[in-house]
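A.B. asks: Right, I'll just put the structure down here and ask away after.
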Amino acid sequence: AAFSPELIYFRLVLRPQNTNLIPSKLLELSTPGHHQYGQHLSQREIHQIFSPSSQTIGSVSEWLIDTGVTHFEINNQSVSFSTTIQNSKKLFPANLSKRSEGFNDETTWRIHNYAVPDRLKTHVNFIQHTHHHEYFPLQHNDKIETIGLHNKTRRSTNTIPQDYIGVCTSKCNSRIVTPACLRQLYSVPETHNRNASRAAFVTFSDLNTFGRLNDLSTFEYRYTPNVEKEGFSVKRFKPKAFGSGGVDDSVQINVDAQYMKAMSAPVLLEGYSVGGNWFDLLEELLSMTDEDLPHTLVASYGGQESLLSREEAVHICDMIEMLGMRGVSVIVSSGLDGVGGSCWELDKNRTRFGAHFPASCPYVTAVGGTIGFDPERAASFSGGGFSEYFNRSLAPWQEKDVSEFLNMNANNLSSFFNRNGRSYPDVSAQTHAFLIIDHGTEYQVNFSSSSCPTFGGAIALVNGARISNGQRPLGFLNPFLYGQGRVGLNDISTGYSVGCNGLERNGRPIVGHIIDGAKWHATNGWDPATGLGTPNVTRLIEAATECM
């Protein structure tokens with residue numbers, strides 16, 4: 001049968017130059033006391049050092065023209081183009097199939113086992129094509145879920161105890177978490193000078209879910225009336241043909257916006273609505289001018305590490321490193337899957353604690369979850385573990401702490417994870433029973449990644465304090481947090497995270513493997529349930545402004 005003349009879209013992700021220089025350079029720029037600490041690189045410098053070579057761009061362009069592709073777009077790290085289904089067979093000798101997918105059962109073409117010619121393999125890291133669902137975030141299904149809302153309880157206004165309204169409360173209650181509670185619990189200073197710090201949070205979503213800014217105004221009026229406020233704006237990155245977008249629910253967006261704003265005020269906050277995947281986001285960010293780039297970036301979305309190829313994960317992690325070299329603190333959720341979700345490693349069909357990406361990238365700060373106040377303890381669903389793709393030698397700042405944990409714990413579980421892997425989370429914060437406004441109504445949100453905007457808001461304040469002090473922003477955080485910054489973290493040594501028990505965090509059955517006794521206990525020092533602990537913002541600011 002003849003192929004359809006309809007178009008299929010491709011993106012060739014090109015190999016950057018000099019990626020071997022990235023880890024050592026980032027470490028120099030991010031380690032307090034080093035003579036290059038804080039001397040972040042400009043957009044132009046990053047482009048000159050790491051952009052794909054002219055030979056790479058020329059070789060790929062020549063191949064496309066020779067195979068009948070006359071119109072293509074060259075971006076900083078990729079080449080995008082469309083072609084007919086028939087011509088795609090000339091480009092990639094591979095198998096084609098049609099399938100229905102998505103919310104509307106849209107029929108799309110899928111290409112399997114495709115690759116560029118051998119002569120281009122040193123120039124192209126990987127290929128994406130239409131509806132590349134292996135990217136994050138993903139729609140909910142039985143084996144992997146988008147990090148976001150999983151349980152919400154509606155509360156009418158008159159059911160909220162009066163001492164939760166506004167900032168009059170001086171206590172936290174395990175029934176519900178509010179901004180006043182978090183600001184007290186994490187020692188957020190009550191007054192802040194306006195400064196030039198910029199912060200942003202990301203949602204991989206349909207653009208219309210960002211339309212409820214009135215919810216943020218209502219939330220601020222009701223729960224942070226005495227906190228000085230700055231403006232809020234939305235930057236919409238053009239949707240791509242790659243990635244599903246996946247999230248239509250406004251609740252996770254409201255959690256991120258309302259709590260990052262409440263924690264970081266009066267830092268200027270933006271929301272980035274990305275109609276694609278992590279590569280789309282990072283390519284857009286790296287193309288931003290130095291004046292527009294945020295100092296603090298928060299993203300609550302991720303997925304199973306093994307659903308990406310090693311090449312894809314490494315490339316995305318390299319792009320995150322480049323952001324760190326430009327002075328951006330990248331903060332992500334460690335996930336909600338506890339020890340390892342279903343403990344079924346899909347790509348190898350083996351029993352294994354599943355790592356979470358991009359939390360497993362060494363160059364992000366991954367945030368786990370806590371619950372309770374007296375004492376604060378690990379949440380049972382707090383994601384944590386060890387990367388299969390990234391060795392801990394790439395994260396020397398955490399080697400001593402992680403080795404101490406492994407020497408004292410987890411020996412009976414060693415066959416289920418990579419003891420030499422990058423270990424996460426790095427830190428943690430409250431993650432359960434958050435009060436939000438959605439569609440004008442108060443909700444309690446449970447089992448969410450709310451710890452991520454909470455910690456991100458705290459770091460936005462720390463970066464703001466450094467800028468007000470005439471210093472550079474922190475940039476990549478982890479060498480600071482595992483060093484001088486740990487005086488600003490509250491060690492959590494109670495509770496544990498669980499997994500591999502055949503159940504999701506809300507008690508529903510999940511397809512997977514059972515591992516008896518699969519738990520990460522919170523201990524003194526670093527642990528895979530809560531990392532180094534929760535923030536004390538006042539002490540973090542003191543430690544950060546002393547770093548030169």
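For all residues, glycine too, the Cβ spot is worked out from N, Cα and C.
Taken from TrEMBL, the feature domain 'Peptidase S53' applies to 176-547. The Ca(2+) binding site annotation in TrEMBL covers Asp491, Ile492, Gly525, Asp527.
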A.B. asks: Select one residue from Asp491, Asp527: among these binding-site residues, choose the one with the most other Cβ atoms within 10 Å of its Cβ.
C.D. replies: Asp527
A.B. asks: Out of Ile492, Gly525, which of the binding-site residues has the smallest number of neighbouring Cβ atoms within 10 Å?
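C.D. replies: Each of the binding-site residues Ile492, Gly525 was scored; lowest Cβ tally within 10 Å is Gly525.
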A.B. asks: Taking all residues of the domain 'Peptidase S53' (176-547) together, what is their mean pLDDT?
C.D. replies: 86
A.B. asks: Please state whether DSSP places Gly525 (Ca(2+) binding site) in a helix, a strand or coil.
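C.D. replies: Going by the DSSP assignment, Gly525 (Ca(2+) binding site) belongs to neither helix nor strand, so it counts as coil.
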A.B. asks: So around the Ca(2+) site, Asp491, Ile492, Gly525, Asp527 aside, which residues have their CB within 8 A of the centroid of those CB atoms?
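C.D. replies: So the extra residues in range turn out to be Ser493, Ala522, Thr523, Asn524, Trp526, Thr530, Gly531, Leu532, Gly533.
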